Amino acid sequence: MYRKFVRRQPETILTVVDYLLERLERGHIYTWVGTLLLAINPSGEITTKDIYDLSQAHEYDNVCDVSCKEVSPHIFAVAARAHYRIVQGLGKPSQVIVLNGETGTGKTFNAWKALEFLTRNASPEALETRDVVCGIVRRISVACRLISAFTTAPTEINKVSSRHVQLVWLEYKMGSICGATISSYLLERDRVTKGCCNFQIFSQMMSAVGNVTFADFKLSMNMRYFMMSDLDSLKVRRFCDDFRETIRAMDMLGFTVSQKKDVFFILSLLIHMGNIQFVEEDDRCKIDTNDHQSREALKNTCRLACIKEEDIAELLTSTLINPQNTRRRHTICRRNLNTTNACRYRLHSIIRHLYDLLFNWLINFVNTILSARLYSERLGILDIFGFECFDSNGIEQLCINFVNERLQQYFVENYLVSCRNDLQKEGLIDDEASFTIVQLYEDRISTIEKYLFTAINDMCLSTVSNSSSTLIRQVNAKNCPATRRFLNVRKENFVIQHYCGTVQYSAYDLLSKNTDKIPDEITITFSVSTNKFLHSLITKNNPNQINGKAKKPTMLSKLRCNVDLLIQELNKCDTHYVRCIKLQRLNSHEWDRDNLRKQLANTGILDALPLARCKYPVHFIYWDFFKRYSRKRIETCSNLRIACKNILESFSLNDDNSSVHYGKRLIFLKESIFLRLEAARRRYHAECVWKIESFWLKYSKYLFAQNYTQYMEENITDDIREIVSTNIQNELIEESQSELKIDASVSGMNCCAEQHESQNIKETSENTENDIQAIVQKNLREQSQFERSLLEYERIIPIQDCPRFMSGKYVEILTTVAKKTAYILHWLDGVNKAKDTKKNKPSILELLQEEYNNDQSDSSNSCENIKLQNPKPLDDDKFHVQNKCEENRGYYNEASSINNMIYCTVPVIFT
């Protein structure tokens, strides 16, 4: 897969830049760097329409097939490789694709393309599950688009920027997608109260305020709202189309009319709350009711929330003092807020909290619809917001860049350093100087957390009023030469040397925005609301407590906890990395090579070049290699290295020693050998399936013959005695009937009576038969897909065609054997479909149906020939005995009939 890039691996940084620009001129935006994928955002310089044509994506389906000489670098190839490891049980049961890069480099776009490829390739061959899987796949795509409306917002650089970390988990069972789960981390809640560049769902709502859905929400295009930016006619039309897509997505996911109305009700409530203004009066603050816009906002807020105006005013302009000391009695009282800024911060904190509650409810509701809950493997696609550096940077950029720092540290530790150490210990690369990049990242993150985050959190939780200048003095006092390498103070700004460059953060609003404490009394105020949806959102959990323990109320504290949770999830997975960069031009004829070189260094591509030069991209621990490819399952092995060599010899893959390197702890393979090993493993598994199938069929034949022999030994004597007695009675009846003389008139009357009686019997039998057919059809409709599938096997199994007058016990034995055989054949067909990747082998059901049809055709032809050749049956014909018994309703010789059926029809199954 990676041979082409490795063979032409550039040796210097300038050669790397020239090589990538040369590929871009040829229309190649993807490049392999060892096992990494480098994705270049062409920014409209080249056409990418044909690159993502899903109808041509079949070449990536066999990404690990030995017949595939080389797979071109593509986001589809990364997704196919992760899918292959899931289906074939290679590596950990969880795989994840991590996309990283600066903002605007195309991370979200590539994540969408990977998801489209995986869902396109999800439909199984089995008809009974294909429709179900296709329905799940459609809902996954729709759910991601719905959540995107609540998490996407414009920035200074990117008009459509994802403002949270989204991890989409595709849940697999038996190699097919059975469900999905969407996890969201680090939503930029502060954007809700930023005043402009809000989440797209608000713009979509305002562009559709004329819709009857919003008639009760009192929103107007003529009113200016603090949370909304101005919309021109072009934006209104675009957002109207997006809103219709959002409504369609809700409908496809099963949102009821009431649920959709509840969602937009909360959003409308937030818009109205954003217009509430405050005014200072003496030593306290109150809501400005003299301002018409503020007065209408308060009125609409109370009407939508179903709460009295005095309760809302009390919540926004005062704070509840309720000591939590249980050792002595205390008094609950309220303290008025004396500045408009304090009231506004309190209002914005409540708005952010309500939006967060609504978003979490949306995520949980979508996951309830998508998740299968019972899955064996899962494949994740991680899309995060990119590194940001604007003219003015605040706490939002600090949080985003800190997350990127942590994920970059994870990439360096778990890929670059880990692989480099393995190769150095095994002698595959030169023993270079100690790799200090890990210590560099640890020192940088430690400095940011200990000297900046701790100082900001301590001042926010302090009861003493502090300012940004106090924060700057405190950070500057604790600074030392070791920390000045990463953190400095410049005028009123903090300067941090990130892995992507230097960024200045304004200290002006760090303290105010970091104070993200949600008022405790919000539960008391909204508990009297008659709106059931709002009441359930607010009162479900205490906003400042989890499991009885106080939450850390600052934004930076929550940030660190969420990043730790994300890293813990990644540690459970095998990771596939996609590094995204964006090219810029100096002028119309020249690319910005310095910027390209800088991005290659920042994303770790230059550090990964020594790893890409290694000619063994695949490696296993000896024990993992032995467990995966060994044909003999044993619990212990004295010498794993020799055992692995024997495995390669058993597959006839030891002809080229240069393709395999036996290290101290790891066995290294070239890609060609790995693909041949995987192909040989699949062939071996297919052979095992055929052996199991053959053994089971032979065992079924043996079991049937054994039961038949036992039955014959127990019942043959009694059956012969009954047949002889029946024949004697029939002869006596014939003699007595020949001596009787019946009058003609009486005989005629009897004939009429018999005809009338036979007609009544015929009508009754027809009615009974119709009733039976109706009942059978009803039962078939009520049967499950699995039971109907088993019936298809049972209908064409030859041992079901037993004679009409077979004894009950024998028929019961046949029926039991038929049902068990049908179940096993159905299971074997499923195993064959999973192992037969080329889909060339016909199923057992198809073979049996073909044989059954041939037997029916041959049987009808043979019967016609017998009638022409022997119009009168012979006395010694075995079928004459059966017909005679049927005429006289007696018993017949089961031995001859059973032998004929067992040894003439059952072997059809085993051919």
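Even glycines carry a Cβ here, placed using N, Cα and C.
If you check TrEMBL, you get these features:
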type: DOMAIN; residues: 1-682; note: domain 'Myosin motor'
type: BINDING; residues: GLY101, GLU102, THR103, GLY104, THR105, GLY106, LYS107, THR108; note: ATP binding site
Among THR105, THR108, the most crowded of the binding-site residues [Cβ within 10 Å]: THR105
Local backbone state of GLU102 (ATP binding site), from DSSP in three classes: strand
Mapped DSSP class for LYS107 (ATP binding site), helix or strand or coil: helix
Cβ-based isolation winner (fewest other Cβ atoms within 10 Å) among the binding-site residues GLY101, GLY104: GLY104
Reported mean pLDDT - the domain 'Myosin motor' (1-682): 85
Shell of the ATP site beyond GLY101, GLU102, THR103, GLY104, THR105, GLY106, LYS107, THR108, same chain only (C-beta within 8 angstroms of their C-beta centre): ASN41, ASN158, GLY386, CYS580, LYS582
